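If you look up TrEMBL, you'll see 295 marked as active site, proton donor/acceptor. The domain 'Serine/threonine specific protein phosphatases' feature in TrEMBL is assigned to 291-296. Summarising the annotation, TrEMBL assigns region 'Disordered' to 1-21. TrEMBL lists 19-52, 87-120 with the feature repeat 'TPR'. Sequence annotations record features per position, and here TrEMBL assigns transmembrane segment to 467-492.
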Ligand SMILES: [Mn+2]
């Protein structure tokens with residue numbers, strides 16, 4: 001008996017040692033930003049030593065980096081179950097909750113940290129930032145009920161908006177989108193010029209009208225000889241969108257398209273992407289189709305850049321109108337009663353029918369659960385059954401779930417988007433669940449291909465076409481903003497000197513300097529170069545100076561929570 005205990009504890013000690021080695025290995029991968037391998041080795045370490053809070057906390061951070069917020073939250077929670085005094089665990093859990101938009105839960109964790117470490121200034125700052133958001137949300141909710149049903153459209157006087165004489169860009173012809181307008185618009189946007197706000201409003205009002213007349217489930221029929229192109233996420237990558245049209249031809253009645261959601265956020269040219277897509281919707285309402293993605297929602301737009309971009313390029317009021325239009329985007333599309341297309345995937349429960357989709361009252365922000373949420377958020381998984389979502393929203397569904405759904409609804413297969421794939425597409429569930437993603441080199445760093453699918457009326461067989469990223473936003477931006485760059489850089493240098501001079505007395509310089517120290521190099525990973533400059537500026541300049549040199553709102557991605565959450569925006573002046 002004594003012997004077995006002894007060898008048992010010896011084995012445990014050996015396990016702990018090898019677990020430590022695995023953790024070290026994982027940490028190394030993490031440092032190299034190879035998060036998938038980091039997760040792999042943290043997981044192996046946890047198999048050997050499942051009661052180590054640090055391993056869970058580290059894996060949680062790796063999950064945060066890969067945006068698997070559901071898993072990150074679970075790991076942080078587990079770390080705290082093991083060791084409730086583990087401060088990092090609270091930080092991780094708070095960050096996960098922030099990312100999931102659960103600000104109250106995050107606040108509670110920051111509260112704990114502040115209580116335990118009353119002298120930790122960093123914790124205090126995060127607590128205050130979070131508290132501000134919670135209060136702001138409460139305020140928004142309080143005023144929201146009064147404004148219910150009131151549309152921005154009612155408060156606009158588009159007819160009487162003046163187009164200044166010096167505006168040489170495209171204009172709608174007699175208030176209508178034409179082929180010429182679309183061609184001019186794409187050229188105009190290509191040169192990074194701004195469409196006049198009157199034209200933007202005209203497009204939005206008209207497209208809202210068209211979309212609101214569509215059912216939540218759009219059904220189309222392709223004749224034998226006809227073909228449709230299905231594209232996945234485009235995420236504000238305007239030059240890649242133009243490349244799709246270059247490779248596959250411009251939209252037309254003989255070249256119909258379906259764009260499967262996530263047009264905006266992340267990329268710097270979301271306004272250009274969405275206005276171009278809306279323009280084509282107006283031009284060919286029956287041959288150009290748009291479905292809603294999880295990023296055509298207020299929460300996502302607030303966190304991932306679109307709201308900031310619209311405010312910078314136009315106004316907050318215009319963002320409100322975008323939001324109204326997004327709420328009318330259909331949720332799914334059925335082709336020849338055989339192929340079902342949606343952004344996310346299938347449902348958290350069996351038994352959902354096409355009729356249930358038709359009946360969804362979609363003119364709203366998606367709820368936290370239920371069919372509407374699932375259509376926008378779920379992901380397929382290789383194993384049978386369902387599991388909790390890595391994202392922390394909706395679920396993951398297995399091949400058996402897909403099979404049952406297809407049989408019950410007499411369908412052949414589903415096409416969805418929502419996940420970046422190295423090849424731009426992926427065929428899973430024995431060919432019954434297809435993913436298509438059309439944002440190559442996603443976030444300027446994933447190195448993935450983009451793809452689109454051709455579907456012909458004759459056989460409905462998916463035909464995949466891949467493409468690579470045209471030109472990095474980095475280069476385009478450098479070319480177009482090089483002068484602004486220099487100015488900003490010079491200003492930045494100057495301010496740094498100013499810091500030195502004014503350190504002894506200036507209040508704002510002190511605060512700014514302190515904040516600056518929270519800028520981690522990691523934070524700028526989603527930002528392109530001008531953003532990096534802006535990020536620095538945001539921390540260095542008082543607001544008035546920021547406005548003066550035309551820096552717009554910008555925050556950064558940071559797991560350490562140095563800012564509540566990213567509003568990445570590349571926009572100088
Ligand atoms: Mn998505």
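Glycine too: its Cβ is placed from the backbone N, Cα and C atoms.
Keep in mind that TrEMBL annotations are predicted by a computer and have not been checked by a curator.
Same-chain residues lying 6+ beyond the ends of the domain 'Serine/threonine specific protein phosphatases' (291-296) with a Cβ under 8 Å from its Cβ atoms: 218, 233, 235, 258-266, 304, 306, 326, 329-333, 341-344, 362, 366, 376-377, 393, 417-418. Note on the repeat 'TPR' (19-52): residues 58-59, 61-63, 65-66, 82 of its chain, located 6 or more positions outside it, place their CB under 8 angstroms from a CB of the stretch. Per-residue confidence over the domain 'Serine/threonine specific protein phosphatases' (291-296) averages 98 (mean pLDDT, predicted model). Helix, strand and coil residue tallies for the repeat 'TPR' (19-52), in that order: 27 helix, 0 strand, 7 coil [DSSP]. Broken down by DSSP into helix, strand and coil, the domain 'Serine/threonine specific protein phosphatases' (291-296) contains 0 helix, 0 strand, 6 coil. Using DSSP to sort the residues of the repeat 'TPR' (87-120) gives these counts of helix, strand and coil: 27 helix, 0 strand, 7 coil.
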